[in-house]
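Comments concern the structure below.
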Amino acid sequence: MFAISILVLLSITAQLKADHGFDVRHHLSTVTTYDAAKDLVKASANSIPDGCTPIHLNLVARHGARSPTIKRMRELDKLASHLEELIKDAEEQKLSLEKVPLWLRGWKSPWRAKLKGGELITKGEEEMYNLGIRIRERFPELFEEEYHPDVYPIKATQVPRASASAVAFGIGFLSEKGTLGPARHRAFAVTSESRASDIILRFHDCCGKYKAFRKSQEPAVDKLKESVLDEITSALTSRYGLNFTRKNVAMLWFLCKQEASVLDITDQACDLFSPSEVALLEWTDDLEMFILKGYGNSINYRMGVPLLADVVQSMEQAIKAKEEKHAPGSYEKARLRFAHAETVVPFTCLLGLFLDDSEFQKIQREESLEPPPKPPQSRNWRGSNVAPFAGNNMLVLHSCPANSASKYFVQVLHNEHPIPMAGCNGSDFCPFEEFKEKIVAPHLKHDYNSVCTVQPEEPEHKPATNPFF
């Protein structure tokens with residue numbers, strides 16, 4: 001069995017080396033920075049027909065890069081103590097430390113002195129600020145009017161890193177549009193709903209049935225990871241001569257992700273792992289996201305129906321304003337939302353993104369999907385692409401008066417790139433009525449309260465099975 005595992009690791013390594021080099025910053029699942037994630041997607045040819053103009057934009061964005069939470073910071077402090085004990089034990093047994101990286105000896109967490117965590121960091125501010133500038137420049141027809149909060153509403157959850165992301169975006173989006181200071185800033189509004197009742201942007205916090213489902217599945221998901229962690233623990237113990245535990249390796253992988261994304265350090269914790277081991281660890285994170293936030297269970301995304309309804313309603317209002325020739329400045333041109341991975345991932349699933357036609361049909365029939373395949377097999381479902389820091393979906397409504405079949409079309413952009421919709425025959429530019437009929441309507445037949453209200457007599461969810469190991 002161990003020999004088979006080694007062969008798998010060698011196969012993955014060979015595949016990665018053949019791919020013009022390996023950059024761990026592209027393989028950090030949902031901890032991937034936005035700049036690294038954007039590099040993963042090749043720009044598509046423009047699919048917008050001549051004569052079509054954007055008339056409304058919906059944005060659903062995750063917050064930018066953030067620091068670890070205070071809970072995770074304290075876990076890194078414990079890791080430092082465990083590493084110190086491992087090196088001390090090796091010295092007491094007079095084992096050679098030649099193979100142990102110098103940085104590992106006496107390592108202390110860079111966050112050890114911090115008393116708070118989880119906040120938006122400078123890199124996250126820059127991600128959101130630059131996103132605001134790029135969106136304004138890409139769609140000048142939408143953003144030519146003077147700012148008013150009813151024309152360009154900016155909404156965020158009450159979690160500080162999300163609201164701070166909205167502020168950073170707004171500073172970029174409205175740069176040089178005001179009179180404040182040398183940079184000509186201007187004030188703008190960011191509104192939020194109470195965390196206890198925000199079913200549009202923080203529906204996962206309000207959905208009792210989902211919380212029960214997640215709690216029942218988390219131990220099983222941890223179990224699914226064990227085989228990979230044990231395999232890599234054995235490899236690291238042999239490679240560096242230290243008696244690592246499974247928990248040590250899991251925390252070293254977490255440290256790698258934080259160092260690479262937050263601190264831009266890739267030659268310490270990340271350097272402990274081979275490219276093939278990084279690929280497997282990334283896959284375990286993507287598998288967890290699939291089961292607990294994505295296509296693994298319909299409740300993960302069905303609880304997001306209020307957000308989907310809000311998006312469609314905003315487009316219908318824009319069409320009405322266009323048809324009735326409302327005066328400029330009297331109607332909404334963009335609805336800009338800032339939230340979390342727990343928002344962006346379900347919304348991505350509601351749109352049917354990252355699916356082929358057969359998978360989309362399964363979703364429509366309420367059938368479950370196969371989990372993302374284990375490396376070295378390829379897969380579409382990657383956290384680094386689906387929901388990196390500042391990851392986003394934009395739905396741009398276009399008016400196409402010359403089209404005889406449909407006057408209004410929706411284009412979906414994922415992380416600013418056009419993305420095919422399986423529900424619209426693989427096109428990223430879909431007639432609005434077809435978008436509503438094939439993609440939206442099957443979800444909106446589910447009511448949020450019926451999806452999320454826990455009934456006392458309901459049986460518990462069965463734990464996830466292990467189809468891999």
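Each Cβ is built from the backbone N, Cα and C atoms, and glycine gets one as well.
Nobody curates TrEMBL annotations by hand; they come from automatic prediction.
For reference, TrEMBL has these:
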type	residues	note
COILED	73-100	coiled coil
DISULFID	CYS52-CYS400	disulfide bond
DISULFID	CYS256-CYS270	disulfide bond
DISULFID	CYS424-CYS430	disulfide bond
REGION	364-383	region 'Disordered'
SIGNAL	1-18	signal peptide
Pull the DSSP breakdown for the region 'Disordered' (364-383) and write it out as helix, strand, coil residue counts.
2 helix, 0 strand, 18 coil
Given the disulfide-bonded residues CYS52, CYS400, CYS424, CYS430, which lie close to CYS256 (disulfide bond), meaning Cα to Cα within 10 A?
none
Within 10 Å of the Cβ of CYS430 (disulfide bond), how many other Cβ atoms can be counted across all chains shown?
22
Which of the disulfide-bonded residues CYS270, CYS424, CYS430 has its Cα nearest to the Cα of CYS52 (disulfide bond)?
CYS430
Which whole-number mean pLDDT does the model give the coiled coil (73-100)?
96
Specify the nearest of the disulfide-bonded residues CYS270, CYS424, CYS430 to CYS400 (disulfide bond), where nearness means the distance between Cα atoms.
CYS430
Are there any residues in the same chain, six or more apart in sequence, whose C-beta is under 8 angstroms from the C-beta of CYS424 (disulfide bond), and if so which?
CYS430, PRO431, GLU434, PHE435, LYS438, ILE439
Are there any residues at least 6 positions away along the chain from CYS270 (disulfide bond) with a Cβ closer than 8 Å to its Cβ? List them or say none.
VAL24, CYS256, GLU259, ALA260, VAL278
Counting other Cβ atoms within 10 Å of each residue's Cβ, which of the disulfide-bonded residues CYS256, CYS400 comes out lowest?
CYS400
